[in-house]
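Encoded as structure tokens, the structure appears first; notes follow it.
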Amino acid sequence: MTDPSRLVTPERRGDDLGDAALRPQNLSEFVGQQQARANLQVFIDAARKRKEALDHVLFVGPPGLGKTTLAQIVARELGVGFRATSGPVIAKAGDLAALLTNLEERDVLFIDEIHRLSPSVEEVLYPAMEDFQLDLIIGEGPAARSVKIDLSKFTLVGATTRAGLLTNPLRDRFGIPIRLNFYTIEELESIVTRGARVLGTPITADGANEIARRARGTPRIAGRLLRRVRDFASAADAEAIDRSIADHALGALEVDSAGLDAMDRRYLTTIALNYGGGPVGVETMAAALSEPRDAIEDIIEPYLIQCGYLQRTPRGRLLTDHAFRHLGLAAPSRDPAQFGLFGDTGDQE
């Protein structure tokens with residue numbers, strides 16, 4: 001099974017609790033997402049000048065890119081209260097009502113994984129977002145009655161990694177949709193350098209670059225790798241984290257020069273050696289790796305596709321020549337028709 005403790009997983013792990021100290025506290029400290037950051041600053045400044053609640057905000061993007069951090073920054077920049085929860089935690093309408101009725105004027109309510117809200121909870125959320133009212137049914141049967149409760153004007157900040165799972169009525173109620181993208185190596189270098197400074201760990205420019213190159217475009221992974229490399233530097237009594245220390249530490253942790261770990265390499269090697277580079281169906285790969293299909297599609301494949309190691313074609317998964325070079329293997333000669341005309345249209349399997 002896919003190990004949730006993978007060092008390069010973008011999902012939150014238990015040891016990421018230490019990331020709180022590394023998080024930027026305001027938009028000026030936040031690195032990357034330049035356009036999103038600039039737009040947010042405009043919307044926040046305008047709401048503050050008008051003394052109004054900010055329009056509801058939806059952050060969309062892969063895990064680990066700073067959606068929660070930005071939500072906290074929004075509240076801090078507005079100078080208002082911040083309450084955080086997640087979609088799966090709000091089990092029934094009463095749970096949501098309790099959260100909403102305790103909000104003060106212009107407060108920020110952050111709902112992570114908002115795509116996982118149940119339909120019954122969503123129905124209660126619609127009038128709350130649009131009219132700042134709760135429509136609740138009190139009692140059951142003939143004695144049931146509808147009650148309207150006025151709410152303080154608040155800002156809902158939602159975060160999702162799966163925008164396609166949001167219902168249209170919910171998505172349309174967010175006035176400020178913002179998509180977050182993967183970070184460049186230069187941006188991650190700045191994040192690693194700042195993180196090392198916060199941790200009180202000297203780091204050289206090439207040491208920060210080495211960590212950034214292997215962080216898969218994701219600040220959460222960069223912070224995690226930095227903490228582990230710092231352990232190796234401390235154990236070796238190194239004066240600073242330089243490229244050689246970072247390279248040794250990350251090699252020992254099985255994170256290679258492209259940021260791939262043992263699971264990624266196993267996936268690529270299986271297609272290369274067992275299936276001639278593909279095409280091979282995702283169900284076949286799930287059986288070969290003893291992994292659920294969802295884990296392959298949502299956890300393993302996205303970064304490999306982003307790096308240009310893998311293509312999803314109408315006939316299945318296909319390794320690129322770039323992947324064979326990374327594995328140190330000779331690429332087979334293939335019919336160009338294997339790549340398909342329209343890219344990722346799903347498996348035949």
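Cβ coordinates come from backbone N, Cα and C, glycine included.
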Leu22, Arg23, Gly64, Lys67, Thr68, Thr69, Glu130, Asp131, Phe132, Tyr183, Arg220 bind ATP per Swiss-Prot; candidate in Arg145, Arg171, Arg173, Arg230 listed for that same site: Arg173
Counts by DSSP class (helix H/G/I, strand E/B, coil) across the region 'Head domain (RuvB-H)' (257-349): 46 helix, 9 strand, 38 coil
Binding-site residues: Arg312, Arg317 - member with fewest neighbouring CB atoms within 10 Å: Arg312
DSSP three-state assignment (helix, strand or coil) for Gly64 (ATP binding site): coil
Phe132, Tyr183 as binding-site residues, winner by CB count within 10 A: Tyr183
Most Cβ neighbours inside 10 Å, all chains, among the binding-site residues Leu22, Gly64, Thr68, Glu130, Arg293: Gly64
Cα distance (Å, whole number) from Arg293 (DNA binding site) to Leu22 (ATP binding site): 34
